[in-house]
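Colleague: So that we are looking at the same thing, I have put the structure below in structure tokens.
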Amino acid sequence: MVSRSTVLLFHKMESITNVMEYETIAKEKLPKMIYDYYASGAEDQWTLQENRNAFSRILFRPRILVDVRSIDTTTSVLGFKVSMPIMVAPTAMQKMAHSEGEYATARATSAAGTIMTLSSWATSSVEEVASTGPGIRFFQLYVYKDRNVVRQLVKRAERAGFKAIALTVDTPRLGRREADIKNRFVLPPHLTLKNFEGLDLGKMDKTYDSGLASYVAGQVDQSLSWKDVKWLQTITHLPILLKGVLTAEDARLAVESGAAGIIVSNHGARQLDYAPATVMALEEVVKAVQGRIPVFLDGGIRRGTDVFKALALGASGVFIGRPVVFSLAVDGEAGVRKVLQMLQDEFELTMALSGCRSIKEITRSHITAPWDSPRITPRL
């Protein structure tokens, strides 16, 4: 006998028409500790709200009477051809959302023809994710105090066929995530941080606040600096993206340090509250790098219109995090596939309605932002 709640959930899933609706259903389905871990931001959560709200202040300047019978969303990321400029950001501990966790996300991302970034703190290892089949995958890296651990991780990612390293540079300490403190967040006992399992670093101890914060304080290297970006290049041949850049000053240093690209990110608003929304910081970073390396964005992407706005401001592509874990929680691999498809469809529609037939046709003139000078309209 199928329960009434199961029937209701099925009907809700059938009627999903946008990415945000997955979060509503995931909140009903997930245990509070796990939902809060995925959903919450740091302290007052101002930046969490601003990551979304900032997109609403950027408006379109659509061009009309363009032949848009054929729209091409394909692009290239670090030389890899992808179906769309929408990729999967690293989100930790996905088996808390669904039993197949990162396996399901890897299969869905590969089927969509785009890139998955695997978190260092995944509940599936680099080898396990590689075993799901072909796909373009990046590996997100936290630098541990024990550099031998870092060397091993990077070498394993290389051997497993990962194509780039996304080095997180905004987490010398974990941000104050009050929901995790209240819930005394800890990784459920049946799960481990799989990449560290053989190193006795795969478990989190229970504490009186956030178990993750205690784990980070004990393991992650607070002395990480620009010299370590250079060091990382000596231990891997893979291109290195710096994830967590928000200023022109650091963007220029990233170029000088030999980074292959930048991900403008505020860590999903989970680190420093009152940091700017990523879309507000994007153009500053783009102008600073002067086209020398690609710039990507993560944070707040929920619509195809958001993707278009980011590209118009100079991003080469975007990464999505929470939409992936919430759709995974609701419907596993099928949920992640649907989220990626919905975003691609919305993005393609935005391109058509803006008069753009390919990624290269999306320009700064297609949007207007709050910081733009007033336009002088010529008299007719």
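Placement of Cβ uses the backbone N, Cα and C atoms for every residue, glycine included.
According to TrEMBL, the record shows the following:
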ACT_SITE  H267  active site, proton acceptor
BINDING   Y37, Y142, R177, H267, R270  glyoxylate binding site
BINDING   90-92, S119, Q140, T168, K243, S265, 298-302, 321-322  FMN binding site
DOMAIN    11-372  domain 'FMN hydroxy acid dehydrogenase'
Colleague: Using only the residues recorded as binding glyoxylate (Y37, Y142, R177, H267, R270), report the maximum Cα-Cα distance in Å, whole number please.
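Modeller: This binding site's residues have a maximal Cα-Cα distance of 19 Å.
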Colleague: What is the pLDDT of the domain 'FMN hydroxy acid dehydrogenase' (11-372) when averaged and given as a whole number?
Modeller: 95
Colleague: Within 10 Å of the Cβ of R322 (FMN binding site), how many other Cβ atoms can you find? Include all protein chains, please.
Modeller: 23
Colleague: Among all the protein chains here, how many other CB atoms are within 10 A of the CB of P90 (FMN binding site)?
Modeller: 26
Colleague: Inside 10 Å of the Cβ of Y142 (glyoxylate binding site), count up the other Cβ atoms and send me the figure.
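Modeller: Total other Cβ atoms inside 10 Å, all chains included: 20.
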Colleague: Between A92 (FMN binding site) and Y37 (glyoxylate binding site), how far is it from one CA atom to the other, in Å?
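Modeller: Cα to Cα, A92 (FMN binding site) and Y37 (glyoxylate binding site) are separated by 10 Å.
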Colleague: In whole Å, note down how far the CA of P90 (FMN binding site) lies from the CA of the residue listed as 'active site, proton acceptor'.
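Modeller: One finds 10 Å between the Cα atoms of these residues.
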Colleague: Do you know offhand how many angstrom separate Y142 (glyoxylate binding site) and D298 (FMN binding site) by C-alpha?
Modeller: 17
Colleague: Which one is it, among the binding-site residues P90, Q140, K243, D298, R322, that lies nearest to R177 (glyoxylate binding site) by Cα separation?
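Modeller: The smallest Cα gap between R177 (glyoxylate binding site) and any of the binding-site residues is with R322.
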Colleague: Rounded to the nearest Å, what's the C-alpha distance separating Q140 (FMN binding site) and R270 (glyoxylate binding site)? Just drop the number here, would you?
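Modeller: The Cα atom of Q140 (FMN binding site) is 16 Å away from the Cα atom of R270 (glyoxylate binding site).
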